[in-house]
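So that you can see what the record holds, here are the features copied from TrEMBL:
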| type | residues | note |
| --- | --- | --- |
| TRANSMEM | 30-51 | transmembrane segment |
| TRANSMEM | 57-79 | transmembrane segment |
| TRANSMEM | 91-109 | transmembrane segment |
| TRANSMEM | 137-158 | transmembrane segment |
| TRANSMEM | 179-203 | transmembrane segment |
| TRANSMEM | 223-244 | transmembrane segment |
| TRANSMEM | 272-293 | transmembrane segment |
| TRANSMEM | 299-318 | transmembrane segment |
| TRANSMEM | 330-349 | transmembrane segment |
| TRANSMEM | 355-377 | transmembrane segment |
Amino acid sequence: YFAKKIRTESPKGFTFSGYLRKRFSPRLQWLFVVEMMILATCAFAINLLAGSKTVNILTGIDYTLATFLMAGVAILYSFRTGLKATVVTEVIKIIVVWAGVIILVPWAISEAGGWSTVVAGLGGRTGLGASILGTPFAWGIFTGFGAAAFLGHMGGPWGDNSFYQRAFSIKKDSIIPSYVIASFVFIVVPIMMGLLGFVAAGAGLEIPKSMVGVTNAITIGTFLPPVATVIFVFMVFAGLVAILDSQFASVANMTGHDLFNQFKKGTNNKDIITYARLGMVALAIAGLLIANIPGMQLVWLFLFFAVLRAAVWLPSMISLLKPEWVTEPGMFWGIILAAVPGEALFVWGKMFGGGSYIVFAGTLVAILGAPILTLMISHPSVSFVES
């Protein structure tokens with residue numbers, strides 16, 4: 001619905017940030033460009049990190065070398081064909097990943113002892129996580145990870161330029177059917193892959209804290225023969241490289257339009273493509289640097305950008321549902337005044353010992369504070385009660 005509405009209001013648009021410039025102001029455009037660039041960089045780095053750790057664990061290939069191989073493969077074909085490449089690789093990813101999970105997950109469950117092992121792992125390895133309100137441990141998981149992960153995914157399409165890029169690229173009449181079908185195609189994979197985590201917990205696998213992000217790879221390597229490991233590595237590599245090229249296309253979209261129009265202007269396609277490719281190179285460098293920071297953890301990156309993208313979720317939605325409720329200063333300052341302290345609290349809680357309650361507070365400040373402040377700052381010129 002919202003994607004179709006944006007297409008209707010900006011039929012020749014390329015980015016949501018460009019739409020905001022046209023509707024509100026340049027500074028709101030740049031606020032979203034910065035947010036989406038940060039998100040793209042974090043998403044790129046987390047997929048490099050996850051894929052390279054998996055390859056390293058299952059094959060012994062050097063982690064740093066694996067990060068460069070993944071980034072190199074993705075950028076080579078993205079340079080050549082851009083968004084078209086992401087369409088092809090997404091189709092390949094769907095086929096490979098679906099085939100992989102259909103074969104490997106039931107096989108791993110069977111080898112680990114059957115469905116009873118999955119059931120035994122539903123509460124985690126300690127058994128204390130079966131109920132949110134059951135134990136302090138379970139509540140800590142919810143406040144320190146679950147809330148931010150869930151709300152971040154809910155706000156994901158609003159803070160990720162790759163979703164808008166798809167909305168602007170496909171046929172207008174196909175937007176709603178495409179997004180509905182895609183959601184059902186996608187949901188099978190995380191559910192199936194999540195079962196491997198329950199298998200690991202139910203089987204009592206001792207996984208170091210630093211390796212929790214690659215639990216599935218460890219589970220496959222523990223219970224299945226080498227041929228399954230090869231299939232899993234190929235599946236992960238195909239899936240994550242497809243995500244890398246989506247972020248390449250997303251950043252190229254912004255640098256080739258938002259940045260190009262700001263600093264050079266014009267309609268020279270060669271110059272636009274040059275800016276787009278420079279954006280890809282910059283993303284690759286930034287992602288590689290972050291992924292190779294010693295001690296960097298998947299969960300830190302994932303939750304950081306989950307909170308960030310969720311901060312723009314409700315203000316963006318309200319601005320489309322009730323445009324008379326939102327003003328430019330309200331949306332601009334509402335997002336900033338909620339996102340900055342929210343992320344600060346989150347980082348303090350997650351990385352500097354503040355604890356799960358501080359993480360939870362940061363999540364709520366960013367996600368709920370943004371729409372509240374947007375409406376409060378916009379209040380002098382709008383009425384929130386329909387007459």
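One-based numbering along the chain as shown.
From the backbone N, Cα and C atoms, a Cβ is placed for every residue, glycine too.
Because TrEMBL annotations are produced automatically, they should be read as predictions rather than curated entries.
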Range from 30-51, 137-158, 223-244 with most C-beta pairs under 8 A to the transmembrane segment (57-79):
223-244
By Cβ distance under 8 Å, which residues at least 6 away from the ends of the transmembrane segment (137-158) in the same chain are close to it?
124, 126, 128-131, 299, 302-303, 305-307, 309-314, 316-317, 346, 349-350, 355-357, 359-360, 363-364, 367
Stretch of maximal Cβ-Cβ contact with the transmembrane segment (223-244) [cut-off: under 8 Å; candidates 91-109, 272-293, 299-318, 355-377]:
91-109
For the transmembrane segment (299-318), name the stretch out of 30-51, 91-109, 272-293, 355-377 with the most CB-CB pairs under 8 Å.
355-377
Under 8 angstroms, Cβ to Cβ: which one of 30-51, 91-109, 355-377 has the largest number of such pairs with the transmembrane segment (272-293)?
30-51
Residues sitting near the transmembrane segment (30-51): Cβ under 8 Å, six or more positions beyond its termini, same chain?
16-17, 20, 66-67, 70-71, 159-162, 213-214, 236-237, 240-241, 243-244, 247-248, 250-251, 254, 258-259, 283-284, 286-288, 290-291, 296, 298, 301-302, 304-305, 308-309, 311-312, 332, 335-336, 339
